[in-house]
Amino acid sequence: MDQTFSTSTQFRNRNYSSLTALIVIVLDYLLTLKFEYTCIWKSPYCASNVLYICSRYVGLSFGIAHHTLIHTQLAKAPLTSMICKHWILGLLAAAVLTLLFLDMVLFLRLFALYQQRKRILWVLVPLAAQPIGVAIAAYRTLYKAEDINGICDYRGSIVDTAVSSSATVIFAHGPMAYDVQQTQYRTRTSRCCSTGCSGKCLDVGVDNDPFFSLPWAITLVSMMCCRLIMNMHRLKVEQQPRQGNTIEQFVFSTIIPSNTASDVECPPEAMQATHSKIGLAP
């Protein structure tokens, strides 16, 4: 009787959590739909637009799929251990993918601020190593786990460390994104590399359910990536000196404003002409 009550309670909690996460990302999508149509779909092809579309629709698709699976699969519990493993790995893959999209937006921001100097490319190594390393560790640990029950509950088991680590890496990118927006740009490179690396150690070993942490991580990181690109589209074109005493128009070089209203206007055509193929630098 107690086990049945616990199972029904956990199903209800997971259902409400996934539904809330889905509602949040759908509302954010509706609020930014005007911007997306005007500034993304109708604007010239560039990397920032691709990252916006990928981040937005990966978050939406996995949110819908996860909530649907809760009603079509988890409601028919008990499930096999392999189904639970594939389900959790799918959530982890989506979380890592959206995190990589966010990393690329942050990197392109740095690339623009450093005027496309090639030496900044080394930042890609630690940025990519964080989520990919955690994903590989979680994948290996999940497939070795034997204590996942019929409702995909393994809290307290050996795989809890991997899920806790991955969730913490994802949420650690919140202050990192703010840091890239607000601090002096010459300190951003080291901050971007250190924040995620140190953050993932904070939550290891803490009781953590991937059906709560990973869907919310996918939702929040997807929204963060899209909102960051929205804010970048509002930045003014500034003239900055470059080598050889030349002056070049430099896009997205000002402090990113905090206002993220959905009616944000795109840069005028004259400003769009200065965008390069990466969308964040001339």
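Including glycine, each Cβ sits where the backbone N, Cα and C put it.
What TrEMBL lists as transmembrane segment is 16-33, 45-66, 86-108, 120-139, 212-230. Annotated domain 'DUF6533' per TrEMBL: 16-60, in sequence order.
Summarising model confidence by region, the domain 'DUF6533' (16-60) averages a pLDDT of 89.
Remark: secondary structure over the domain 'DUF6533' (16-60) totals 39 helix, 0 strand, 6 coil, with classes taken from DSSP.
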